[in-house]
Structure formats: structure tokens, C-alpha cells
Amino acid sequence: MKGKNLSERDQKHLWHPLTQHKTAATPVGIVKAEGALFWDEAGNSYIDGIASWYTAMYGHGNEAITRALTEQMKQLDFVMFSGFTHEPAVKLSEELMALLPRNQAKIFFNDNGSTAVEAAIKMALQYHYNQHDKRDTLIAFEDGFHGDTFGAMSASGLSVYNGPFEDFLLKVERIPVPQRENMEEVLSQLNSILSGNKCAAFVFEPLVQGAAGMKFHSAEGLDLLIQKCQENGVLCIADEVMTGFGKTGKNFASENLLHQPDILCLSKALTAGMFPLSITSCTQEVFNAFLSEEVSKGFFHAHTYSAHPLGCAAALAGLQLLNSPEILERRSYIASAHKTFVSKISNHPKVSNARSIGVILAIDLKVETERYGNLRDRLYNFFMVRGVLLRPLGNTIYALPPYIISNAQLQRIHDAINELLDSL
Ligand SMILES: *Cc1c(COP(=O)(O)O)cnc(C)c1O
């Protein structure tokens, strides 16, 4: 295929995720990434304004993490995690336990966000099954997103892509996210759902619904819902795949709650974008429900690459950075720069809502519905030609920059958004 560039060669054999290939533009060929930047094959650079789907928080090609991975690769590349264990997994479990909500006691490894949620749901279902408690329904928020495997897809309320599969999904009762204004209504809905004693688990993204367009909800409200669920024997599953590892200001969004989830899912920033890995952590009580003389009461769920040593090594190196003085300074700088930016643009005639929490910034645009059609693509291209990668969702523009982004690079993101607002 001499003479053709990546974008052209790509078209022959590749099928991309989340893509309608009949109408989609050809993908951009990327040849290099470093820090908060990557470069396409024509030599253009882009600021990674969403840290490559919220993963590469310490920057692309981070030296400490790359070194940890290389060293691990030479020492022990891979071994099955069934019947065997290894230092990176043991050490990671020890270090995560020091950081996770205090009620968490056990860590189960998977290899991506969807399978972390899938394992959490299966854990919850079997937890009740093992205790001869027949519960077959999940509770989940409207507009939530939990991944693309069947259990995770069932819990997801964003159903635009779920149409072909709806007849095959798990039973789910859906409630709106709690806000100050609707709290009583949400609680009464939950109470009537709980009265059937059918619910096994409540699955939620704590505080921020990422794929819904970085929608925020009330921590106090969520706290009440968790409390009610736990009083009724419903296991609470916090999907922190997006919010985990400092995005909302705290290490985990659940730290904003008094009532801690029974099960917690983490992935995305876990390995800083260097390796696919995820964990499903749970309380001792959940774990204990699987202990028995009967083999079949164990959790028979596994992926070949469970607890991959390379992923664990990357995660350990990432944890070293998360609360280091340099990264803490950056985390707080980005949070306050976002806050200042939000207060500056909140009254812009084209902004219907601007908000930020931690390093997450989101702006809902005021646009007439007839201009909605290709709005997302127009916004996306507007930023790309300015060397900024953002992935607007509907009429929401959001940024979630890597912690290591420089002040000037962050300013360029804010400037590009400003320029867009003035151009609408
Ligand atoms: C991305 C995401 C998932 C799915 O993770 P994958 O690694 O893409 O399977 C699940 N839950 C939330 C909240 C996410 O943001």
C-alpha cells in the first residue's frame, strides 16, 4: 500500500467503534503522542482536551509509567491469575485499599470498564442467589452509561444505541437523578420500586454522568438513595470508571458521600491510558456471601488477562503520581481555572448552563433545535482546526484535560471555547 496514508489504508479492512461508516469522515491518522499533545500524520498537533477518554491523566508517554511497564515486562510479562498471584497485583491491592472508601475490602480484576460493571452486576445477582433471596431487577438512573456488554448495557439509560438489543436486556427500574428540586419525587419512586423486594442492585455513576454530557447531580440526594437501597438489602454499585482517580477533585467521587457503595468499579485512569485493566472492588460482606464448602457458590467469572502484571505495574506507577505534590498542584490549578472560566461565560447569550467540578468542565449551548442536526460534527471540527481535541456530546462541550496540561495549553482550550461561543 505504498503512497497511501493511514487514513486511506484504514478504510480497506477496519471497522471503527461508534461509527456509521456510510457517512462518517475518515479517521485522523495519529503517529505520536507526548504529554498533553498528539500529532497526526500531516504533522498537525492537537491538545488532548479529554485525556483520550479520561485515561491519560499523567500525560502520554509518561516516563515513570513507561519505565515501570518496561521493567515489569522484563521481570514477568504475564501469568494466569487463577491459581497464581504476583507482586504487582498484590501491591496494587494493598495500595488501592489505602485509597478506596474504608468499607472496601476485596479487589477483583477485569480488563475494561464494561467488564468491571458486568462483574459487579453478576456479583450482586449471585450475592442474593447464594443466600436464596430471589432478586432479579436492577435500579439505575435515566441517562446513565455503564458500558456495552449486556449487563452494563441494561443498566445504561442512554438507549440510542441499544435498540437492537432491548429485548435481550436484564430487568431494570429507572429513576431520574436526584436534584434539589425533585428529591421527594425521586425518593417516592424509589420507595415504590423497593416495595416489591425484587431489586438486587442499584447501579449509578456518582455525581457526574459522563456520556450523558457531564451532567451533575446532588451528592446529598444520591446519599439518601444509597441509604434507602442499603436498608432494603439492595447492593449499591458505584461506577467510577470515569470519575475515579481525581476527576471530581477527590480521589473518588464516592468520597463526597456518607453512605459508601458496596461495590465500586474503576478503569479508565487506573493505568493512565497505558494498558487495558479494570477492577471491581467490594466489601467483606459481599465477598463472604461467596464462601462455602460448595464450589459452585464461588464467583465463576474470569477473563484471560485478569490482573495482567503490565496493567498492574502501570497502575502502581500512576498511583505514585496521583497525589504527588506536582500533580496535586496541577489538579487544583485546573479546577480553579475551570471555575474562573465558568463564571466568565455563564452569562454568555449562547450558554444555557456552564459548570465544573474538579478537572471536569461542561458547557451546554443554547441552540435552536433545527440547527442541532450536524451540530456535534461542526463543533468537533471547529476545535480540531484550532488544534484542540474535544468530543462534544449533542449540544454539550466538555473538557477533561490531563493533569499535566500546561497553563498555556489549558488557556488555549478555554480560548477556543470562547471563540466558538462568539461565533455562534
Ligand atoms: C467508559 C465508561 C464505561 C465503559 O468502559 P469501557 O472501558 O469503554 O468498556 C463504563 N462506565 C462509565 C461511567 C464509563 O465512563
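Any Cβ shown, glycine's included, is placed from N, Cα and C.
When the candidates D48, D239, D364 are compared with the pyridoxal 5'-phosphate site entry in TrEMBL, which names G113, S114, H303, T304, the shared residue is D239.
TrEMBL lists W53, K268 as binding substrate, and of R386, R391 the one it places in that same site is R391. Residues from the binding-site residues list (G113, S114, D239, T304, R391) with a C-beta closer than 6 Å to any atom of ligand 1: G113, S114, D239. Taking CA atoms as the reference points, H303 (pyridoxal 5'-phosphate binding site) and K268 (substrate binding site) are 18 Å apart. The record gives W53, K268, R391 for substrate. Within 8 Å of the mean position of their Cβ atoms, the other Cβ atoms in that chain belong to I50, A51, S52, Y54, T55, G210, M242, L400. It is 12 Å from the Cα atom of W53 (substrate binding site) to that of G113 (pyridoxal 5'-phosphate binding site).
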